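Notes follow the structure.
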Amino acid sequence: MDRKIFSYSFLSCLAILTLLFNDFVSSFPSGYNNGYNNGHGSYGISTSNLDYRFYDRSCPRLQTIVKSGVWKAFKDDSRIAASLLRLHFHDCFVNGCDGSILLDDSEDFKGEKNAGPNRNSVRGYEVIEDIKTDIETSCPLTVSCADIVALAAREAVVLTGGPFWPVPLGRRDSLTASEQAANTNLPSPFEPLANITAKFVNLGLDLKDVVVLSGAHTIGFAQCFVFKHRLFNFKGSGQPDPNLAASSALLSKLKDTCPNVDSSDSKLAALDAVSSVKFDNAYYVNLMNNVGLLDSDQTLMTDSTSAALVKSYSENPYLFSRDFAVSMVKMGKIGVMTGSDGVIRAKCGFPG
């Protein structure tokens, strides 16, 4: 192919991507800045100094290293894709996308790893740390752990058949974490839709983002204790949730996996029984058939606006993929620190 034609085609594609993700920031700050200001960016959607080419000069192999690290982990454990995606979500919802979820407890603070929504649940810390180690070999003290989490989440989605999206980069890492904030800010699978939506809105997201990002449950698993009440004693009735009971085969399978004894609480069931390791729109088809696994999934059908979105995504997988990519970029800008704020950690589990 003629070099000029190739260059023109490449630039045209890049222009289209830029228009599609028109909320990207166009500045090109340095990818190497190790200032130790612990100031935090405004909590909410930030538009300051993020750029999807942020590390092009300072760490050109970054995305290849992250992709390789995620693939290596996925080969050994297919569940890790959903875990890495969830790790990004849980990081961003607690004081912003700042890598705080990765910090171990210290004398100065109790971290987020042992908060109720994360303890014995959130996974992938070691994968991020391994990727960070590889990056430090090539680009010491250049790439933030927060950016690695954001890139790993994207690679996890792509690896399972989901959409690709350019990830704006340039986040800085926090020096602290908050167990209390994790317990307060993270949506619970037991909460009503209004409460969940309020937590999203508080961060600059909206109801559409609730529906779109809930679609991440097309991959991964849930522990039995999260939904077992729907199998045996829904709302104190002593009976299964009528929605699940309407699908006798699914109800029977879930009861076999999660018998009504305490010892089954930590056992796992697929969030999307149709395709638990394939990123597709089957999650929304399940909701249309009233067989969403979690309360927080099926409750999307109780509101006319969210139900209409569910219907659209169940019928149009391309629409879901497009909107999911946009919402992930939007979520990835919550409360970010840039410039001289925060730090670049040498190890993701330690603030210094």
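Backbone N, Cα and C define each Cβ position, glycine as well.
According to TrEMBL, the feature active site, proton acceptor maps to His90. The 10 Å shell around the Cβ of His90 (active site, proton acceptor) contains 22 further Cβ atoms across the protein chains shown.
According to TrEMBL, the Ca(2+) 1 binding site annotation covers Asp91, Val94, Gly96, Asp98, Ser100, Glu112. Around Asp91 (Ca(2+) 1 binding site), a 10 Å sphere centred on its CB holds 31 further CB atoms from the protein chains shown.
In sequence order, Leu271, Asp272, Tyr283, Leu293, Leu294, Asp297 are the residues of the chain that are 6 or more apart from His217 (heme b binding site) and have a CB within less than 8 Å of its CB. Sequence annotations record features per position, and here TrEMBL assigns heme b binding site to His217.
What TrEMBL records for Thr218, Asp272, Asp280 is Ca(2+) 2 binding site. Neighbour list (Thr218 (Ca(2+) 2 binding site), Cβ cut-off 8 Å, at least 6 residues apart, same chain): Leu271, Asp272, Ser275, Lys278, Phe279, Asp280, Asn281, Ala282, Tyr283.
Counting every protein chain shown, the number of other Cβ atoms lying within 10 Å of the Cβ of Cys139 (disulfide bond) is 19. As annotated by TrEMBL, disulfide bond applies to Cys59-Cys139 (among others).
Here TrEMBL flags Cys92-Cys97 (among others) as disulfide bond. With a cut-off of 8 Å between CB atoms and residues at least 6 apart in sequence, the same chain places Leu203, Met331, Gly332, Ile334, Gly335 near Cys92 (disulfide bond), listed in sequence order.
Here the Cβ of Cys145 (disulfide bond) has 30 other Cβ atoms within 10 Å, regardless of which shown protein chain they belong to. Residues or ranges marked as disulfide bond in TrEMBL: Cys145-Cys348 (among others).
Using a 10 Å radius centred on the Cβ of Cys258 (disulfide bond) and all shown protein chains, the other Cβ atoms total 24. Under the heading disulfide bond, TrEMBL lists Cys224-Cys258 (among others).
Positions annotated as signal peptide by TrEMBL: 1-27.
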Subset of disulfide-bonded residues (Cys59, Cys97, Cys139, Cys224, Cys258, Cys348) lying within 10 A of Asp91 (Ca(2+) 1 binding site), CA to CA, in sequence order: Cys97
Around the Cβ of Cys224 (disulfide bond), the count of other Cβ atoms that are within 10 Å: 21
Among Asp98, Asp280 [binding-site residues], residue with fewest other Cβ within 10 Å: Asp280
Alpha-carbon spacing, Cys97 (disulfide bond) to His90 (active site, proton acceptor), which is rounded to whole Å: 9
Proximal residue to Cys258 (disulfide bond) among binding-site residues Val94, Gly96, Asp98, Glu112 (C-alpha distance): Glu112
Integer Cα-Cα distance in angstrom, Gly96 (Ca(2+) 1 binding site) to Cys224 (disulfide bond): 29
Minimum Cα separation from Cys59 (disulfide bond), reported as the residue among recorded positions His90, Val94, Glu112, Cys145 that achieves it: Cys145
